[in-house]
Amino acid sequence: MPSKEFDTLPNIYLVGPMGAGKTTVGRHLAELLGREFLDSDHEIERRTGATIPWIFEKEGEIGFRSRETIVLDDLTSRRDLVLATGGGVVTQPANRSYLKTRGVVVYLYTPVELQLQRTYRDKNRPLLQVENPEQRLRDLLKLRDPLYRDVAHHIIETNQGAARELAQQILRVILSSGSH
């Protein structure tokens with residue numbers, strides 16, 4: 001049974017690279033809080049009726065990012081939500097503003113080796129359909145890590161602990177910091 005103390009918490013947004021565990025950790029966190037959980041990538045697919053790889057193929061990354069910003073604006077306007085975002089959400093200034101000003105942002109920092117382990121066979125990740133996925137992950141982290149850090153209220157390292165433990169850790173950090 002979620003605590004009354006949780007009622008005062010703002011929305012919680014999970015950011016980080018692909019393979020960080022945002023969706024898995026987010027589901028556990030929402031369960032702990034008794035809140036709705038959404039994944040922005042899944043929501044984009046639901047609303048468009050198209051897969052992310054298809055959107056990337058037909059509209060390119062710019063088209064996808066435009067759709068992502070519209071969906072993020074809507075989702076971050078809701079209440080009592082735990083939201084897992086796509087890995088590139090922070091590349092758009094409007095998205096960073098929505099996240100930072102409309103809730104508590106938690107960056108799930110994940111080393112490239114662990115990202116690769118978790119995403120190696122996933123064909124639904126258009127940015128990894130390259131000859132050297134490990135190098136692509138390194139390049140993306142180099143570009144995006146400063147943006148994740150800029151938008152984050154809290155940083156959690158995901159290389160230790162199961163998803164449920166990470167969700168509990170996030171909750172403890174938010175409650176102890178007074179981010180609510």
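Note that Cβ sites are derived from N, Cα and C of the backbone, with glycine treated the same way.
Of the listed candidates (Arg144, Arg149, Arg164), Swiss-Prot assigns Arg144 to the same substrate site as Asp41, Arg65, Gly87. A Cβ within 8 Å of the Cβ centre of Asp41, Arg65, Gly87, Arg144, the residues given for substrate, is found for these other residues of the same chain: Met18, Glu68, Thr85, Gly86, Gly88, Val89, Val90, Thr91. Spanning the listed substrate site, residues Asp41, Arg65, Gly87, Arg144 have a farthest Cα to Cα distance of 18 Å.
Of all the binding-site residues given, namely Asp41, Arg65, Gly87, Arg144, those whose Cα is no farther than the 10 Å limit from the Cα of Ala20 (ATP binding site) are Gly87.
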